[in-house]
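One structure below.
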Amino acid sequence: MAFRVSISTFGKSLRVRRVANVSAPLANASPFLRTGWAARPPGTNNGHGFRFTPACFITSDAFLSRLAKGKAETDDTHYHHPASVLPDSAEQLSLLVKDPDQPENSKVLRVAIIGAPNAGKSTLSNQLLGRKVFAVSKKVHTTRARALGVLTEDDTQIILLDTPGLTTPTKVKRHQLEKSLLEDPWNTVKEAGLVVVMVDVSDKWACNKLDFEVLKCLTQHPDVPAVLVLNKVDLLKSKSRLLEITADLTCGVVNGRKLQVRRVIKPPWAERRTDREARTSGSGDEEKPGGDVADGEGSEALSGLSKEQLRALKTQQGWAHFKDVFMVSAVDGEDVETLKRYLVVGAKPGSWQYHSDVLTDQTPEEICTNTVREKLLEYLPKEVPYTMTQAIDLWHDRENGELDIAVKLYVKKESHMKMVIGQAGQMVARIAREAGDDLSTVFLREVKLRLSVKVKN
């Protein structure tokens, strides 16, 4: 097992001569570690404080060797640029059913990305695809139904299954959410060859404990390999906390090996005091996000777990069967690039499911309404965007290549309509402008989007 530290993640911590030590067998370290680029910060002459290439992960030596081999083999090959979505529904459907143009020795991997609502699943999918095709916002339940993205590179096809955040039957009923938000994540994991579990480490109430619904999902499918992705690490002030979070969420075990994390710059008496404080704060954190635990037994039928298993999971903090751990941030694309390389190298021989020009299985109209909804969630307060509906009045592809779209927004109250329109129409104009810009990048053409608002009786 090896631990590699991202420059971007631990940049501030590197001002200290020695910050943290990860105890793990390094006698047979991977060649990837021995030959990879490394630099030693000024003033460190004792072997500690090395700065390795960006992208931080914990993984087995054997896989690191495969990762290095795969990277070396693909550095000089042709890169398949991200595809675009065809703006015509019939053409998009025709492309989806078109025979795959797979090469000899093709490889494929289906990846289910799961996590609590607002963990950053859709953002990660967009970064991996190299193009924004999934709606994202700071509010929960932006993703309402499962959709997939297709990443094709050389002889490998990665199918990303973007899912709604795992939720409970109680919350679905309370907030009048679609049934798909409850069922889609569970069904997706059944089809996956790899599960990516996203955790927002900037959420101080939940970062030390896996979401209860996530634990149930992992427990039901222990045979599906899973990796942990710690997201938004750039927002964490104390970078050394990442080590503690990793230990908590993995139960101190990664790829079947125990992970020992301890401070090395404090005297023993200070270390003992820190341990006591950590245990005290840890017990408090476990109680904070207990809302999902309360109705765990209500989803017994969906999860397929017995009441005894569900009760046991209530006291479980992490998952001891993660194969690897990655740390990513929205500000550093190199971290995501390493995760992408991991997926490509981990793909197995098999037939492609889609033509290499396919980017997503969403229809152009679905992408449009999801993009508009993203902006509504971003700029409108409280429950307003959740109660709105949309209808596409116009979809016209001009001869000059421009795409004209007109969408009617329906609200329930006059007061909501005033919020959507804004002062002198500034709010609705802003939403139309930003949504139109996003659609232009998806369809690779100029998009003129017009929005109108109406109170629905």
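Quick reminder: no glycine exception, Cβ is built from N, Cα and C everywhere.
Annotation source Swiss-Prot lists transit peptide at 1-18.
Mapped onto three states, the DSSP output places Thr163 (GTP binding site) in coil. Residues or ranges marked as GTP binding site by Swiss-Prot on the basis of similarity to another entry: 115-122, 162-166, 231-234.
Per Swiss-Prot, region 'G2' is recorded for 141-145.
Sorting the region 'G4' (231-234) by DSSP state (H, G, I as helix; E, B as strand; all else coil) yields 2 helix, 1 strand, 1 coil. Sequence annotations record features per position, and here Swiss-Prot assigns region 'G4' to 231-234 based on sequence analysis.
If you look up Swiss-Prot, you'll see 376-457 marked as domain 'KH type-2'. In the predicted structure, the domain 'KH type-2' (376-457) carries a mean pLDDT of 93.
Under DSSP, residues within the domain 'KH type-2' (376-457) fall into helix, strand and coil as 36 helix, 27 strand, 19 coil.
Neighbour counts of Cβ atoms within 10 Å were compared for the binding-site residues Asn118, Thr163, and the top value is held by Thr163. Within 10 Å of the Cβ of Lys121 (GTP binding site) there are 30 other Cβ atoms, across all protein chains.
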